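Enquirer: What TrEMBL records for 37-156 is domain 'Beta-hexosaminidase eukaryotic type N-terminal'. If you look up TrEMBL, you'll see 181-293 marked as domain 'Glycoside hydrolase family 20 catalytic'. Under the heading signal peptide, TrEMBL lists 1-31.
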Amino acid sequence: MEMRKRKRKMEGALWLLVVVVLAVVVAPAESAGDVKIWPMPASVSSGNKRLHLSKDFELLTQGTGYNDASGILKDGFYRMLAVVNNGHVVDGNFSDKSSLLSGLHVVISSPNDQLQYGIDESYKLMVPSPENPAYAHLQANTVYGALHGLQTFSQLCHFNHKSRVIEVYMSPWTITDQPRFSYRGLLIDTSRHYLPLPVIKNVIDSMTYAKLNVLHWHIVDTQSFPLEIPSYPKLWNGAYSASERYTIADAAEIVSYAQERGINVMAELDVPGHAFSWGIGYPALWPSSDCQQPLDVSNEFTFQVIDGILSDSGSFGR
């Protein structure tokens, strides 16, 4: 009997803990103590003042060495605004002009926006005090460092449900940051669990919030072969179904979508094992009908197919 009472007390305490944790997670930020930056930057200093964003908050790039012909910075800025506003209707008649933050001034040193592994992703973000609020300032060597700075700025901003404006708590801010690890990846396995393109794009968007930079796309395995290989079209027969496939154009779209957000896509195709799905369209790739998992490495045709896969997939992946 005593044990049952103790068990009920423990269960009650556990549920209370769960409720408290959930309340902390889902509660809206209404005070300076709720400002959380993720991942934690290399260096952070802040004050105790409060700014609010202009309803016409703008991107300023005067003096930058990057012309943004590809639109990577501009698109990133508007994505950041969408995250900050989060669908709220902002009061455009807020009267306190002394704490108005008019925009973000971004200066990027390098004109190059070719995404390479190990590229400089550092940035410095400065948000002024209310006495001189005009613009926040973001400096970066590359546009991809600037994208991380935009994410950090979005984490400083919160919608005040009383005043109905977007506010930046704890100003002034000075944040200097660079990745601790050059490879910061996340894996998706569409060979075992097919994911539609919009879902993969949502995954990529979520990666940007945490400043991850590599999408490991395990696209083919023994369970299914969803990727189009024009050189050997029957490989597609190994897909789960005709509607659970990716064309070469689909894969290229995912790679482009990721790169515009500073994320490299690393595609994985397993050889010589884990290859049952290959032989559904080309049974000659199996050593025998009783041995269907590995590829037949004694068959020259196997290497021709591998060459075709690498050639065709090389147009979108790395």
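A Cβ is built for glycine as well, from the same backbone N, Cα and C atoms used for every other residue.
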Enquirer: Going by DSSP assignments with H, G and I as helix and E and B as strand, what are the residue counts for the domain 'Glycoside hydrolase family 20 catalytic' (181-293)?
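Expert: Helix, strand and coil residues of the domain 'Glycoside hydrolase family 20 catalytic' (181-293) number 40 helix, 22 strand, 51 coil.
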Enquirer: Please list, for the domain 'Beta-hexosaminidase eukaryotic type N-terminal' (37-156), how many residues fall into helix, strand and coil according to DSSP.
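Expert: Within the domain 'Beta-hexosaminidase eukaryotic type N-terminal' (37-156) the tally stands at 31 helix, 35 strand, 54 coil.
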